[in-house]
Ligand SMILES: [Zn+2]
């Protein structure tokens with residue numbers, strides 16, 4: 001069950017990266033992920049949270065440009081945070097609250113680390 005929360009967190013973390021980076025940039029949330037350097041659309045194998053980053057050694061499969069370590073770090077943080085919430089709270093009213101706090105922390109951290117402090 002802990003593993004399930006961890007994997008769920010990894011997937012949500014991946015989604016939060018997209019939120020944190022595309023919303024401030026005014027990009028659509030529904031276009032497919034692409035390399036920020038060469039704009040090649042990434043395939044499913046490139047989009048597995050954390051593992052793709054490790055397999056590709058942090059580089060784009062097509063152009064070899066470096067991918068920021070913030071993305072896998074954000075995914076890992078959310079995965080560990082979700083697993084920790086389950087360990088701490090179990091299936092309690094605190095669980096969704098804990099998950100919400102981890103989610104907000106993850107989105108804000110990625111936002112902050114990629115674009116600098118929010119203007120307000
Ligand atoms: Zn590329």
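Quick reminder: no glycine exception, Cβ is built from N, Cα and C everywhere.
Keep in mind it's a predicted model, so treat the numbers as computed, not measured.
Look at TrEMBL and you will find 7-88 tagged as domain 'Prepilin peptidase A24 N-terminal'. If you look up TrEMBL, you'll see 68-89, 95-114 marked as transmembrane segment.
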- request: Tell me, roughly as an integer, the mean pLDDT over the domain 'Prepilin peptidase A24 N-terminal' (7-88).
  value: 90
Structural state census, the domain 'Prepilin peptidase A24 N-terminal' (7-88) (DSSP three-state): 46 helix, 4 strand, 32 coil
